[in-house]
There are 2 protein chains.
Amino acid sequence: MDINKRKEEFHAYVEKMGGYEEAVNVMYWDMRTGAPKKGVKQRSNVLAMLSSDIFSMSISNEMAGYIKDLGDEEVKKELDAITLKMVEECKKDYEQNQKIPEQEYREYVMLTSEAGSIWEEAKEKSDFSLFEPYLEQIVAFNQKFAEYWGYEGHKYNALLDTYEPGVTVETLDRVFGDLKETLLTLLQKVQKAESPKTDFLYEAFPKEKQEAFSLEILKELDYDFEAGRLDETVHPFAIGLNPGDVRITTKYDESDFRVAIFGTIHECGHAVYEQNISKELVGTNLCTGTSMGIHESQSLFYELMIGRTKAFWERHYEALKEHGGSQFQKVNLDEFYQAVNEVKPSLIRIEADELTYVLHIIIRYEIEKALINGEIEVKDLPTIWNDKYEEYLGVRPAHDGEGVLQDVHWSDGSFGYFPSYALGYIYAAQLKNALVKDLPDFEERIQQGKVTEIRAWLTKHIHQYGKLKDPLELLKAATGEGLEARYLVEHLTEKYSKLYNL
Amino acid sequence: MDINKRKEEFHAYVEKMGGYEEAVNVMYWDMRTGAPKKGVKQRSNVLAMLSSDIFSMSISNEMAGYIKDLGDEEVKKELDAITLKMVEECKKDYEQNQKIPEQEYREYVMLTSEAGSIWEEAKEKSDFSLFEPYLEQIVAFNQKFAEYWGYEGHKYNALLDTYEPGVTVETLDRVFGDLKETLLTLLQKVQKAESPKTDFLYEAFPKEKQEAFSLEILKELDYDFEAGRLDETVHPFAIGLNPGDVRITTKYDESDFRVAIFGTIHECGHAVYEQNISKELVGTNLCTGTSMGIHESQSLFYELMIGRTKAFWERHYEALKEHGGSQFQKVNLDEFYQAVNEVKPSLIRIEADELTYVLHIIIRYEIEKALINGEIEVKDLPTIWNDKYEEYLGVRPAHDGEGVLQDVHWSDGSFGYFPSYALGYIYAAQLKNALVKDLPDFEERIQQGKVTEIRAWLTKHIHQYGKLKDPLELLKAATGEGLEARYLVEHLTEKYSKLYNL
């Protein structure tokens, strides 16, 4: 075998899959940002066709051949790091996709597709019983998949690994345990303290002005507009088509400007990650974020460590006042800072504040883990959910629509995904701790609008590698440690102690 | 052979090619309407990859098998009209693509790709000698292709047939001959008459106002916004992704509103064609316009037979005044109508008026025909070009940039394309003549903004068929005749006699 020739063929094959994926992503973006509705049906056929091409290529005999030939121990010695990792990723996908019997997989795809619309209906009617039989089957499938894929320790590890390679129940129990205690204590104290005034947050802020302000902020946060653009959608997202084209969308709520401003900063963090992946990785399957958790760490770094800080608003509050209406005239910077960081335990995850958000995730984690392990049953979920909300957050859903049915994730079978959100918080705080050692004037830089060096630090330690390194490998190299919750504990304790005079 | 099974496989195969094409077209649209520039290089790779997939599928052994099996005379008896035509189209493409030796085709693709940038440079420097050697080779290739493809009568017929099936040199000589005489006589008379006042056309008209007016007009012209959208590009175009998603772009020139208004109406004609193709044809290779000439006939019908008429402005002039600035206050409807229909022989085709436009095309037709037949040489083109412009239009280019180098078409090898533009004029006038027999209150309808029945007539006779019928077949069914220039002659004579009091 001519290794170089084989390697080239493999690269071309993977690049082709990536090309199809880029086409799919352009069409996805287009569907969300204004494709005319009458064309959607046919467009969906095209999307399904290309997605199915990608899937077929991932489990083809040709792919099996590459994995065998280039995965050979002798051959591996002659391969570069990028190719080695590419093969490893392909092998992982191949095995994941191959281990499930075809017939079962097809049933599962149909089940989750149907479950999506049933979940919508159930949520609207606040009727868990509609969704229950579907969820039971989805859980059963995921339990079987875990067996097919194999795992060490807890069965849930098999699912976790698909979103956050290397992170296990053992790790999560430890870090979430550490966090839960602090969060609950902090929350108790905060609730006894005086709440900030927040009425001004809900006064009219014209959409065009929000957009103009968002564009200003994006530029200052080192988002490259020659490699991106900002559009409007119902649900904000960032999408990397290639590192030269990473788009952000946001949502403008005229009676709550925070949705757009903090949403845009959050998506900007996702986007600068993808914009700064090394050009060497373009055309490979490594040219994307390494995991859901690390991706979220970048968006949360931008949102929390930059966008929700006092320093950031010291720089930007005047401009916000200029763009906004008269509501800000009576509000000084301190009051503004307190208001946008208000803590208020609530029922809905996506509306949660920085302090309580992780508790929403911990609740889901505890439920998923027990569910997959067969310790609890689907039929008991509403009660378990409501009890946990009451216990951790002091609020109890009045109906399942604002309770166990609120999130889409289970309807599409994404068990193991939720922890990524909390991991993003933990990684972000841990990275910030390491970053300030290199850039002790972190705060001053934000105050002065000099974010480039901060972004460059993240690029150096995270962005550039794309999927070339695993999450914990990146974390270790950047911080010298494994996953540690204590930096997030410190961050939250310090921030909220100051904010609420605890 | 199970004919039905084979037919289904063939349909799925063709639908797959169409799916790739839809993906390519979405990306093309995206590139023109605001894709960030740093992503273009990688996006171009993806486009090339998908285009090459489509090409490979068109000449694959699998395709050859379908053509053979479903093209069998006994099998054909059992096939429906749509499948028969699908096979015929596939066969045509297959033969066209297969008859050129692979090595020659590859050389040609590289040549035209390089010639594109050389042409740009030559045009900018007004230096034909730079482009000359490339054009010589391109002509030579096209002469060879004509031989490979075969033809009856004139060699140029082989090239014409790729853009306008069934239309030959013999037909064009006849209809262009008829036209040329009338056009030259009319033009002479017009030039002796008094010119309308036109300064107001060039006064400021804000872009936003032009856009608002364009949107109003599109709605009234029966463009379906649930199956389309309007965007801004440097070069306006319409693109049919599928009949439920046909997009228009336009260009706003603040010192000449005509560019956007008439451009939008023109593209609207292209778009309503594609929006109204029968749903039966979705997913087949017939779900597009039947030829360049028929496509152009629809855009020109909208532009000339509706948009540039007095009746149209009787309806819309007040609204235009409201959107526009003060320039229209001093101009009455008659003056406005005369100004937007001013005849002025000029050097540049794309800036030409309705009366002289066809002369620009006839010049190109005469040159292409002689060139392909070896009667003239590339090196003599600048002189031949300039002489013809002087003879037909009374203007002589000062340099080749505004002469023989003005159009991109020859650099990409599109010999045989130019006549489609003039055919569009002829078809449009001929269709209008037939249409007014069914809808004698054509003008009143336009005056009253009731365009739906007019659009429906075009849908009934043209749009719905997509590529299911050939251009001359459609024309015959709609008008009872073959190609006839006299309706265009009558239209132009009547219009300009009135306008200029001839």
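Including glycine, each Cβ sits where the backbone N, Cα and C put it.
TrEMBL entries are annotated by machine, without manual review.
Look at TrEMBL and you will find B:His266, B:His270, B:Glu296 tagged as Zn(2+) binding site. Mapped onto three states, the DSSP output places B:Glu296 (Zn(2+) binding site) in helix.
Taken from TrEMBL, the feature active site, proton donor/acceptor covers B:Glu267. Annotation note: B:Glu267 (active site, proton donor/acceptor) sits in a helical segment as assigned by DSSP.
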- Cβ contacts within 10 Å for B:His266 (Zn(2+) binding site), all chains included, total 23
- Query: Whose Cβ lies within 8 Å of the mean position of the Cβ atoms of B:His266, B:His270, B:Glu296, the Zn(2+) site, other than those residues?
  - Reply: B:Ala238, B:Glu267, B:Gly269, B:His295, B:Gln298, B:Ser299, B:Leu300, B:Tyr302, B:Glu303, B:Gly424
- Far apart in sequence but close in space: which same-chain residues, 6 or more away, have a Cβ under 8 Å from B:Glu267 (active site, proton donor/acceptor)? B:Pro236, B:Phe237, B:Ala238, B:Ile248, B:Thr249, B:Thr250, B:Ser299
- Message: Within its own chain, what residues at least 6 apart in sequence put their Cβ under 8 Å from the Cβ of B:His270 (Zn(2+) binding site), listed in sequence order?
- Response: B:Ala238, B:Ile248, B:Gly289, B:His295, B:Gln298, B:Ser299
- Around B:Glu296 (Zn(2+) binding site), which residues of its chain at least 6 apart sit with Cβ under 8 Å of its Cβ? B:Ser420, B:Tyr421, B:Leu423, B:Gly424, B:Tyr425, B:Tyr427
